[in-house]
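Inspection log for the structure reproduced underneath, given as structure tokens.
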Amino acid sequence: MNVRGLEETIKTSKGLLSAQQLRKRVLAKVKGPVKWFHHQKVIYLDNQQQAHLAYHMAYYTHAPDHALRAPEMLVDANTGLVLKAWDAVHREQWGQGLGGNAFPLPYRPGSFQHGDALPGLPSLGKFEVRVNDGRCYVESDSLRVINMANLPLGYEAFPISTEDEKTYELTAFSYACDPSSYYLNYNDANTGPVNYSFSPVNDAMYFATQTLAMYEKKYQQRNPLGRDLPLRVYTHLSEMDNAFAIPTVSLDGRLMAHQQIIIGNGHQFLTAPAQTVIAHELSHNFTALHAALVYEGQSGAINEAFSDMAAIALQDYIRQSYPWYWDGLDWTIGREAVLGGAPLRYMDEPSKDGMSIEHAREYTDDLDVHLSSGVYNKAFYLLANKPGWTVQKAFQVMIDANRFYWSPIAYYDFAACGVIQAARDRQWDTAAVREAFAEVGVLCPVLPKPDAQGKRA
């Protein structure tokens with residue numbers, strides 16, 4: 001840290017604004033009760049090594065969901081600008097408990113644990129909780145898991161509005177916890193296990209957190225879900241054989257519903273789809289923030305395929321820390337969520353389900369987007385397995401295309417141009433991208449066509 005010339009930047013220790021004036025400004029925005037407000041004058045160097053005379057201000061309060069908050073901030077003593085802010089309440093990956101379901105995969109058990117408190121079970125990491133007064137709240141700054149107590153709400157209840165959140169006090173699920181209990185969530189407050197799944201709450205928090213971490217750490221996507229946070233994750237919905245995502249809903253500038261994903265309990269077809277299906281659903285909201293692909297026709301197919309790619313990318317990300325979770329060879333989608341273990345889709349051979357297409361010539365306008373997604377799904381599989389390519393590299397160019405090149409009404413061919421351009425931007429092998437798309441009948445119309453061997457004609 002370079003402090004030379006500090007005396008030239010800060011000529012006096014007295015700011016234009018007093019601590020009392022700044023305190024009044026800060027607390028004017030606080031809706032809950034305030035305890036133990038305190039401050040200290042400091043000199044703060046920002047990321048550009050610019051020095052600021054500032055106040056470090058801190059206090060305790062309770063948010064509308066009753067969880068304890070300890071906001072702290074650095075406030076410029078001359079301008080009143082908040083230079084940096086954070087919450088000092090412990091947010092630790094302390095949560096532990098059962099995960100998964102009763103259906104084993106060919107290469108691993110169906111059941112596992114989050115943490116290491118349960119002997120004999122394969123282990124994934126712990127999940128994040130807020131600990132307050134002997135309870136663990138399953139939430140973070142980015143995510144809030146809500147247990148709907150196995151109510152048969154039905155689709156008409158969604159999206160859940162901001163008004164309904166307040167009226168029905170839909171707050172983060174919590175359970176009694178302390179060090180002596182190892183912070184274990186045993187049974188989702190007597191709402192689990194359900195439909196062969198051991199804890200939709202534990203799985204939802206863990207896999208959603210890992211999905212965001214993947215976007216942020218592997219793909220350098222800050223705020224992958226935007227600023228409408230925390231995203232609400234609704235679990236324990238009875239007789240709902242589905243999972244789906246809803247982006248932020250605003251009408252005439254008024255926020256009507258926060259972004260949310262809904263994880264049903266399953267019924268006759270699915271168990272609670274709270275593992276890689278979560279990466280799929282969260283990625284629909286990522287797409288809504290960027291390309292905003294219309295959920296119809298070929299753009300809808302690409303939208304669905306991108307979310308399937310994210311599910312594979314998440315498994316690839318998790319296995320770097322927990323190699324047992326994915327063998328790297330299973331390119332099916334949703335196998336762990338289907339009663340009986342038959343996959344929802346096959347990335348490597350989409351037509352294997354008897355309905356999906358895997359070549360552009362098979363496309364018709366009346367195809368469901370889940371079936372027409374097979375064209376881009378197979379292209380992704382082919383690209384990830386090209387020499388010099390990996391799942392991570394292949395998903396990176398898809399993310400880049402989603403952010404910078406795809407348009408809301410997209411077509412197979414023109415969207416492929418965006419993926420090729422994304423590879424070119426990174427100085428990666430564009431021939432491999434063209435070849436992968438050519439193998440599924442997708443040709444960027446503004447590039448020379450590859451010959452039969454995938455080379456330029």
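Glycine is treated like the rest: Cβ placed from N, Cα and C.
Look at TrEMBL and you will find 197-287 tagged as domain 'Peptidase M4'.
Feature annotation from TrEMBL assigns active site to GLU281. In this view, GLU281 (active site) is surrounded by 24 other Cβ atoms within 10 Å of its Cβ, with every protein chain counted. In three-state terms derived from DSSP, GLU281 (active site) belongs to a helical segment.
Per TrEMBL, the feature domain 'Peptidase M4 C-terminal' maps to 291-442.
Of all Cβ atoms in the shown protein chains, 18 besides its own fall within 10 Å of the Cβ of HIS370 (active site, proton donor). According to DSSP, HIS370 (active site, proton donor) sits within a helical segment. Here TrEMBL flags HIS370 as active site, proton donor.
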Whole-number mean of pLDDT values that fall within the domain 'Peptidase M4' (197-287): 96
